[in-house]
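A short write-up of the structure that comes next.
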Amino acid sequence: MNLIFVIFLLITSCFHCIQCTHLKGTFKSNEFFKFLVKFGFQKTDRHQKESTHGYIFGNITSKQDFPVPIIFAVLDRSYFLEYYQNRLIYDKKQACKRMFNKLKDKAFHHKCGRKGNDYLRNIPCPKGKLCPDEDTPWNVVKGNQFTYVIQDIIQPSFWYISMVACYRNESTCEWQHYEPNSYYRIDYDIWLVNGNPNTSSYNALTYQFSFDRQNTLELYLLFWLCYMVLVPLQCYAVRIQKHPVTRLFTASLLLDFIALCMILIHNLKFALDGIGFPKLSMLGDILDILSRTLFMLLLLLLAKGWAVTRLELTWKPLVFAIWLCYGIVHILLYVWNLTEVDVIEDIDEYQTWPGWIIIVFRTLIMIWFLYELRITMLYEHNTQKLNFLLHFGASSLVWFIYLPILALIALHVSALWRFKLLLGITYSADCFAYCVMAHLLWPTRSEQYFLLAGPSLAELEELDQFNEAPHIVNNSYTSLSSMSSLDICRYDETSKSKVNA
């Protein structure tokens, strides 16, 4: 748990919330450029335009007086990429010129571009008043200084929000770098939503969410309900059968359920305020990774026949070393995806080189799993155990192989739908694997093929009756292994009486 806590602190220390739709923060003088958020706006319904528009509204103020205003930019992808790439130019005067080179004729300006679109706004806005560029006061959401209305009747689209210390010289219409003589600070409080905030008819389950995250709350709720049935059943199973395999499986299932609860709490709160609990969600993601790695360890142990055909585990250091390496690589991939992958790029975690590494690693583990399972089945002749291993191997193979196939499919899916695809299939595969494993390891079924620990004296009479059952009589291995010490004593006493006679 200490390791989990350290990893969590490292992630949160270098991560800022870029998925929030209610943004609060500060733009300071030591920053030239600040990217705020990437947000997916839904397609506008021709028949319900007002209620299906996207909206950006809020307040941007400062306690300092600015001789010239700087820029608040709301851009779609076609304009944003060039604007964003030129921010890194060392000479900031040249950076401003190149960033707005494509926009100088496309963005509205009251003197230099009256035919342009409303992509840029001058900030900060005067306290208690509307922003100077707000030409439709009746459309501004009450209590805010500006409002953008995003409309796209063709398809959903991503929009990118940022601030930059550039301004347009009204006499020359050229873009210049704002270089203040003193410290400046701009405070902002901005909302981005899908739906009209002036009405109460919007869908509360999609209102705060970017289009690529819409309907994910329903998915989390659906799987939570599935686990609410599965987890109590498995807790009951582990109480009546205290076996190492059952305990290991229950630990993996509980970790996954706790992770899902944390993520669900974050999303429910997010649906209300557009912020949620980002740190709780990240902790849930880490626990989710740990639950999957623990489940993989269970599959490897069963494939080697542990507790089914043998009590002693061979090559124990190798098994645990591979499991540990896979867990570390998986967590590093998660950290990499949060900190190193630019949110501007429309890629997922499995389209980066760490993602390909973990897919290759998982595929190699799958091949090793199949090899070990084949060896175990070759040396096993008990029909019931072979039947268990056959069903176990088929279901486990589905769990192993779905991720490489899913990663290949995701390459051809738009980023607007990719997250929901990955989330739905991943959770479905995990839930299916847990359900199948709970079925295979149910106590009344698994006692037929598990190598259970030796019985206590209080259980001897029950074991005598168990040994006389038809399915145990046919299983010579189980009958011999479950012979009680009381039967042996009776046999010895009978032999002695015959000798004395």
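We count from 1, first residue shown onward.
A Cβ is built for glycine as well, from the same backbone N, Cα and C atoms used for every other residue.
The signal peptide feature in TrEMBL is assigned to 1-20.
The feature transmembrane segment is assigned by TrEMBL to 219-238 (among others).
Annotated domain 'GPR180/TMEM145 transmembrane' per TrEMBL: 224-437, in sequence order.
Among the features that TrEMBL reports, transmembrane segment is placed at 245-266 (among others). Sequence-distant neighbours of the transmembrane segment (245-266) (same chain, 6+ residues past either end, Cβ-Cβ under 8 Å): 220-221, 223-224, 227, 230-231, 234-235, 237-238, 276-278, 280-281, 283-288, 290-292, 294-295, 297-298, 301-302, 306-307, 430, 434, 437-438, 441, 443, 446, 450.
The transmembrane segment annotation in TrEMBL covers 286-306 (among others). Sequence-distant contacts of the transmembrane segment (286-306) (same chain, at least 6 residues past either end, Cβ-Cβ under 8 Å): 4, 7-8, 11, 245, 248-249, 251-253, 255-256, 258-260, 262-263, 313-315, 319-320, 322-323, 326-327, 330-331, 334, 365, 368-370, 372-373, 376, 379-380, 392-393, 396, 399-400, 430, 433-434, 437.
What TrEMBL records for 318-336 (among others) is transmembrane segment.
Residues annotated as transmembrane segment in TrEMBL: 356-376 (among others).
Annotation comment: TrEMBL describes 388-415 (among others) as transmembrane segment. When Cβ-Cβ distances below 8 Å are used as the criterion, the transmembrane segment (388-415) is approached by residues 158, 212, 295, 299, 302-303, 308, 346-348, 350-351, 355, 359, 362-363, 365-366, 369-370, 373, 376-377, 380, 421-422, 425-426, 429-430, 432-433, 436-437, 440, 446, 449 of the same chain, each at least six residues removed from its ends.
Through the fold, the transmembrane segment (421-442) approaches residues 216, 219, 223, 226-227, 230, 233-234, 237, 245-246, 249, 252-253, 256, 292, 295, 298, 348, 350, 388, 391-392, 395-396, 398-399, 402-403, 406, 409-410, 413 of its own chain, all at least 6 residues removed from its boundaries and within a Cβ separation under 8 Å. Summarising the annotation, TrEMBL assigns transmembrane segment to 421-442 (among others).
Long-range contacts of the transmembrane segment (318-336) within the same chain: residues 7, 10-11, 285-286, 289-290, 292-293, 296-297, 300-301, 304, 349, 352, 354-355, 357-358, 361-362, 365, 368, each at least 6 residues beyond the stretch ends and with a Cβ under 8 Å from a Cβ of the stretch.
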